[in-house]
Every structure is written in structure tokens, then in C-alpha cells.
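Student: Sharing a structure here in C-alpha cells format.
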Amino acid sequence: MDGKQKEHYTQRQDTSAVRHRKTCKTNEGAECLSQPSSETSNGANKRIPKRAGHLSSPSRDDHVPVYTLVLVLVLSVCTRFYKITEPPHVCWDETHFGKMGSYYINRTFFFDVHPPLGKMLIGLAGYLTGYDGTFPFIKPGDKYEHHNYWGMRAFCAALGSCLPPFAFLIVLELSHSKPAALIAASLLIFDTGCITLSQYILLDPILMFFIMGSVLCMVRFNTQRLRPFSFSWWFWLLLTGVCLSGSLGVKFVGLFVILLVGINTAFDLWRLLGDLSLSLLDFGKHLLARVFGLIMLPLFLYTTIFAVHFIVLNRSGPGDGFFSSAFQSRLIGNNLHNASMPEYLAYGSVITVKNLRIAGGYLHSHWHLYPEGVGAHQQQVSSPSFTLNRQFDNNLTGPPELVRQGDIIRLEHKETTRNLHSHFHEAPLTKKHLQVTGYGINGSGDVNDLWQVEVCGGKKGDPVKVLRSKVRFLHRSTSCVLCSSGKTLPKWGWEQVEVTCSPYVKETPNTQWNIEDHINPKLPNISLSVLKPTFLEVLWESHIVMIRGNSGLKPKDNEMNSKPWHWPINYQGLRFSGVNETEYRVYLLGNPVIWWLNLLSLALFVLMLTVASLAKQRGVKMEGMRKVHCHTLMEGGGMLLLGWLLHYLPFYIMGRILYYHHYFPAMLFSSMLTGITLDIFLQNLHLLFSSSISHHLMRGGQFILLLGFIYSFYLFHPLSYGMRGPLAQDPASSMAGLRWMESWEF
């Protein structure tokens with residue numbers, strides 16, 4: 001071991017010197033830990049010393065953590081799998097994710113705002129347990145009847161059961177304290193919110209499994225610092241990358257744990273860069289290993305997830321309309337699949353024009369006029385076929401002439417023979433835009449019928465290609481651009497999407513169109529299979545659509561929108577099932593004792609960290625366990641606090657609709673931080689009381705905490721496992737007297 005590594009190892013281990021089996025002073029820890037031996041020289045299988053007082057015999061030291069971990073796992077499985085098949089009907093978002101699992105079994109294409117891994121795993125679990133994908137998942141409350149739904153629920157419950165053991169191992173690694181690890185695990189075992197969220201067909205238990213897996217692997221990798229490039233070092237590094245790809249593959253909030261691991265890796269590399277005994281070549285090896293394990297491998301796996309997604313979902317379905325015409329041509333059963341039409345647009349062609357916004361409609365008109373008082377009393381245009389004509393000359397004899405970038409054209413509605421038209425009248429709904437109508441007869445009109453073709457990303461003279469070209473239509477007279485506003489017209493407009501002429505000429509999907517259908521007998525047809533997008537183009541488009549879909553999730557009128565400040569205080573839960581006395585009611589709400597304890601522990605941790613930092617800055621001498629606790633607070637607790645902040649604060653700046661369950665990943669970090677905070681607080685009671693009293697207070701405090709978790713779980717367990725009969729305000733209810741906040745709706 002070189003000098004710099006020995007110094008780092010000594011600094012890390014002398015904080016645990018009092019826990020070493022040998023009797024040596026704290027300032028002699030380096031000498032005790034640096035005695036030459038084959039085990040120390042290569043760092044292999046070095047056991048982390050245990051705290052004094054937590055070790056009674058060598059044999060017990062080897063087996064107690066395993067027994068405790070098994071106990072945690074058994075309790076976790078029991079609480080998650082109890083009454084897993086009840087209620088036997090669709091609950092809350094099972095409507096969406098169960099249906100999406102069915103789509104995978106049936107290979108039917110759909111759209112969702114989240115990446116596909118979670119839904120793919122749900123579908124796989126259902127398939128392997130005998131579900132045939134035929135249940136419609138129409139609405140909450142629909143009976144499953146003979147359909148085999150338990151396998152999908154059991155899969156989610158199995159992953160949810162891993163969260164307490166993961167928390168136990170993470171806290172044990174960060175604090176080397178079994179009481180701290182047991183407190184953290186107990187908080188998750190007996191939390192009614194975590195139980196409820198794990199028992200149904202949802203993405204949340206899958207997401208939290210990968211998040212906690214990422215943190216556990218990162219922490220385990222950090223313990224391998226003295227064994228670089230060994231098998232275990234590579235194993236935990238690569239497994240961290242696998243879990244990161246899983247986190248992002250389930251939901252985009254997986255980016256938060258990626259950021260946490262990235263910050264940890266940056267500090268780790270900065271430490272290595274400061275190690276002057278490490279050559280720049282060796283540092284480069286460390287850097288490249290982390291780039292491979294934490295960037296390249298996750299990106300490859302994440303891309304592979306989408307490759308499998310596109311291969312499996314190869315049949316036309318409800319998600320077609322969210323994607324471009326070129327994308328739809330890949331799907332079996334879609335009108336564009338294996339279709340043939342002329343490749344380039346020409347004058348005299350009959351075309352169908354589709355807007356490129358999410359679920360964009362077609363440019364459409366009909367015989368109905370705008371009503372009196374809504375712009376000009378002319379023919380309605382909404383978001384199907386138009387004939388494409390020259391600016392003035394309608395003589396289309398002779399060879400066809402292609403439409404090119406910069407051409408000025410007229411679009412004549414095929415059925416009514418009126419031209420696409422705009423003028424200085426405000427649009428019916430989007431008042432800052434101009435009205436678009438159908439005007440004239442038999443193709444005759446005026447100068448307000450003229451539109452200039454603009455191929456996005458093209459140059460003057462470029463032809464317009466069906467499916468592939470993104471086209472904008474600039475109105476010559478008003479300098480506005482043809483736009484689909486996304487707003488739905490009233491009944492007089494047949495509830496179709498409003499088409500306007502936008503004065504804002506910036507390129508957006510709302511102002512971009514593509515040619516989806518093209519008929520021109522004078523032009524040769526080609527198979528649309530040659531125009532299919534590449535995998536990278538499909539991957540890019542799917543992410544654009546998902547991101548736009550996420551940003552478009554706005555609260556509807558009178559729809560409850562949860563606020564981030566509600567979440568840590570457990571202000572309001574979510575109804576999973578049932579409302580009245582006769583229904584089977586399940587209510588997602590965290591165990592209030594646990595959640596409020598987490599909140600108090602956050603404040604206590606900040607106070608303890610401040611005191612420890614001030615003492616260290618003032619040079620206060622800290623030896624033995626005080627030094628251990630200070631190190632644990634600053635490094636282990638600091639990492640968990642950062643994880644909580646990263647998974648919580650970003651929701652304050654999100655514009656999309658938010659729900660209570662979005663807080664649960666942050667709650668995992670808060671619970672692990674509570675375990676460390678309360679354990680250190682109880683172990684430092686000797687600063688206030690005598691040694692004998694403080695020992696009894698510590699044991700008593702640990703017992704009271706565990707008893708409080710169990711008793712509060714007993715009180716609130718009907719929220720997770722279901723309630724029937726009177727509501728909480730009725731003295732005869734099983735939840736009578738437990739509605740501690742008016743905002744709780746059970």
C-alpha cells in the first residue's frame with residue numbers, strides 16, 4: 001500500500017479504532033491498523049470493525065446481521081403480500097398500467113409519458129403468471145372476475161418488499177450501526193403508504209426498487225476504494241450502472257438518483273486527483289472505468305429497453321396518433337403500413353395534411369359556417385383532403401410539376417371546392433391568432449388564399465417529401481403561419497380542434513405539418529417502407545413526444561392538484577378505492593407517526609450537523625465515538641440529505657400536475673436519514689446524563705421507537721388493507737378518532 005492510500009485508509013479507520021478488538025488509543029489507530037499482513041496489504045475481505053457494545057462474541061458478530069436482515073425481509077414480505085388479491089377490482093392507476101401491461105401481451109402500440117421498462121415488466125409478470133391480456137381495465141372499480149391479475153400485483157409487491165432490506169443495508173454501510181439500520185428498515189416496514197403503493201399494479205414500487213438499488217450499489221462500491229479494479233470493485237460499479245438504467249427506464253424522475261450518483265462520483269474522482277501518489281495514467285483508468293460503468297453501460301441498457309419496446313409493440317393501437325405519419329408506417333394494421341403513394345408532392349395532388357403536435361389532428365373542413373359573431377361568417381376549417389393548386393394558373397395539363405420550398409400555393413378543399421383562407425379577424429378561441437376559413441367557390445377566391453410553402457430545415461428549391469418533410473404554411477397577406485392551437489371548438493364546431501393563423505412565426509410542432517396521404521395518378525408510387533424512420537429517429541421522436549406529454553399534464557378545471565409542501569407533513573392522501581360506506585375503501589396515506597417523526601428528525605439532523613461542524617471548525621478535540629458520529633453525520637447523513645433534496649425540491653419548479661405519491665422516493669431517503677439521526681442522538685445521551693442512565697435511556701428509546709412504529713401501524717393498517725362500513729367520523733368506524741387532520745379523506 002503506498003503512502004497516500006495508507007494515509008486515507010488510516011484516516012477512515014481510526015474513527016473506528018474504539019471498535020477494534022485490539023486495545024489501542026485513538027491516536028495510535030494508524031499503528032494498529034497498519035501492521036503488515038497479507039490481508040492489510042491488498043485490502044481483500046477487510047471486515048469493517050463493529051462498535052463496542054454491539055458485539056458479544058465473534059460467532060454472534062458473524063451471524064446477527066444476517067439474522068436481522070432475514071427478519072427485516074420476512075416482515076417486509078408479510079406486510080406487502082397480506083391480502084394482495086383484495087380488492088378484486090381495479091384500483092386507481094391500475095386502470096393505466098394494467099392496461100399497458102395488456103398492450104405488451106397483445107403487442108399493441110400505445111403511448112405513455114413514462115419510459116417503457118416498468119410497463120414491460122408488469123406485462124411480463126402477467127404473461128408468466130397466466131394473464132392473457134384480455135381484461136379491458138376501463139375504469140377503477142371494474143371487477144377482475146376470472147382474469148388472472150394477482151401475478152402483476154405480486155410482482156410489484158415483491159419489488160416493494162425489497163425496499164426495507166435495501167434501507168437496512170445502506171444505513172448499516174453508512175453508519176456501521178445495526179440499531180440505526182433497524183430503525184430505518186422499521187420505518188419502511190410499518191409505513192402504511194409504502195405498503196399501499198407496493199400492493200397494486202403501479203410503476204412506483206418498480207421505480208423505488210431501482211432507486212434504492214442504485215444507492216446500495218453506489219455505497220457498496222465506495223467501500224471498495226482500497227481494492228481498485230478488483231472483481232468486487234467492478235461488480236458494484238457495473239451493478240450501479242444497471243440500476244441507474246432501470247431507474248431512468250421506469251420514469252424520468254430516475255434522473256434524480258443519476259444526479260446523486262454523479263455528484264458522489266465527481267467527489268470520488270476529485271479525491272483521486274488529489275492523491276499525488278496516483279499517476280495521471282492510473283487516474284485516467286479510474287475516470288474511464290467510471291465513464292464506462294456509469295455512463296456508457298446505462299445508456300446502452302436504456303437504449304436496449306426502447307429497442308425491445310419497439311420490437312414487441314409492432315401492431316397499430318391507441319398510441320398511433322401521438323406520433324408522426326412516418327412513425328405510424330412501421331405499425332402493422334395502420335393505414336400507412338406497406339402503403340404506396342408518390343414520394344414527392346406535386347401540383348394537382350390530393351393530399352391529407354397532419355399536424356405534428358402531440359395527437360395532432362388533420363387539416364379539415366366541412367360545409368358548416370362559423371356562427372354569427374365568430375369572425376367572418378365563412379366555412380369552418382378545423383383539425384380531410386385538399387387539392388394543391390398553383391398560385392394563379394389551374395391548368396394542370398402536361399407533366400406534373402413538383403412543389404418546392406418557397407412556392408406560393410392555394411389549398412382547395414376537395415369536397416366543398418373552397419380555398420384555405422385567412423384574414424384580419426380574430427380566431428374563435430385563441431384571440432391573439434387570426435381566423436382560418438374556407439372561402440370562394442370552385443377554386444376561385446382572392447389574395448387571402450395564398451400560402452407560401454416552407455420546408456423546415458430545407459433550402460430554396462427543395463421538394464416536399466411525403467411523411468418525412470416537416471412543412472409550414474405562411475400566409476402571404478398577413479404574414480402569419482397556419483397553426484393547430486390544440487383547443488377544442490364548441491358544439492357549433494363539432495368539438496374539433498381549432499385551426500388558426502398564428503402571428504408568432506417561431507417553429508413549433510403546432511405550426512408544423514406533414515403530408516400523410518398523397519394521390520396523384522401522374523406520379524409513380526413507391527412503397528412507404530422505404531421511408532420508414534431509423535431506430536435512432538424513432539428513439540428521438542419517442543422522447544420528444546414523452547417530454548411534451550409530461551409538460552402537457554396540467555390540472556384540469558376543479559381537479560385537485562397536490563402541492564409539494566403538503567407531502568412531508570402528510571397533509572392529504574389519495575383515494576385508491578371506494579368512497580362511501582358500502583364500498584371497499586383503500587386510502588394512500590403515510591403512517592403519520594412515521595412521517596412526522598421523519599420531519600422532526602430532519603430538523604434534528606440539521607441541528608446536530610451544525611453543532612458538529614462548528615465544533616470541528618473551532619478545533620474541539622473529538623476522540624472515539626464522537627469522531628465516529630461526526631464522520632457519520634457529515635458523510636453518510638450528508639449523502640442521504642442530498643438524496644432527499646434531489647428527489648423533493650425539483651417538484652417545486654415543475655409545471656405539470658403533481659400527486660402525493662411523487663414524494664415517496666424522497667421519503668425513502670428521509671427514513672434512512674432518520675435511522676442515522678436518532679441512533680446517534682440516543683448514543684450521545686451520555687453528554688447529558690451519567691453513563692449508566694444514558695445506556696438505559698438509549699435502550700429504552702430504541703424500544704419505544706419500535707413499539708411506536710408497530711402500534712401506529714396497528715392503528716392505521718386499515719388504510720392499506722381495506723375498510724368497509726362506517727366512515728371515520730362515525731364512532732363505530734374502525735378508523736374512529738384517527739382522522740387527525742381535516743384534509744384526510746377516509
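Cβ coordinates come from backbone N, Cα and C, glycine included.
The compositional bias 'Basic and acidic residues' annotation in TrEMBL covers 1-11. As annotated by TrEMBL, compositional bias 'Polar residues' applies to 34-44. Under the heading domain 'MIR', TrEMBL lists 400-456, 461-518. Residues or ranges marked as region 'Disordered' by TrEMBL: 1-59. Marked as transmembrane segment by TrEMBL: 109-130, 150-172, 179-200, 206-222, 229-247, 253-270, 291-312, 593-615, 636-654, 660-682, 703-721.
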Student: May I ask you to check whether the transmembrane segment (291-312) and the transmembrane segment (109-130) make contact, with contact taken as at least three Cβ pairs under 8 Å and only pairs 6 or more apart in sequence counted?
Tutor: yes
Student: For the transmembrane segment (660-682), which stretch among 109-130, 150-172, 206-222, 593-615, 703-721 has the most Cβ pairs under 8 A?
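Tutor: Top-ranked stretch among 109-130, 150-172, 206-222, 593-615, 703-721: 593-615.
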Student: Taking 179-200, 206-222, 253-270, 593-615, 636-654 as candidates, which has the most Cβ pairs under 8 Å with the transmembrane segment (229-247)?
Tutor: 206-222
Student: Among 150-172, 206-222, 593-615, which stretch has the most Cβ pairs under 8 Å to the transmembrane segment (253-270)?
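Tutor: Per the Cβ under 8 Å count, 206-222.
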Student: What stretch of 109-130, 150-172, 179-200, 636-654, 703-721 shows the most Cβ pairs under 8 Å to the transmembrane segment (206-222)?
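Tutor: That would be 150-172.
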Student: Using Cβ atoms and a strict cutoff of less than 8 Å, what residues sit near the transmembrane segment (179-200) while being 6 or more residues removed from its termini?
Tutor: 54, 68, 72, 75-76, 79-80, 83-84, 91-94, 153, 156-157, 159-161, 163-165, 167-172, 573, 576, 586-591, 594-595, 597-598, 661, 664, 667-668, 671-672, 674-676, 678-680, 682, 702, 705-706, 709-710, 712-713, 716-717, 719-720
Student: So what's near the transmembrane segment (703-721) in sequence-distant terms, Cβ-Cβ under 8 Å and 6+ beyond its ends?
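Tutor: Contacts of the transmembrane segment (703-721) (Cβ under 8 Å, skipping residues fewer than 6 from its ends): 82-83, 86, 182-183, 186-187, 189-192, 195-196, 199, 573, 586-589, 591-594, 678, 734-735, 738, 746.
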Student: Please work out the mean pLDDT for the residues of the domain 'MIR' (461-518).
Tutor: 85
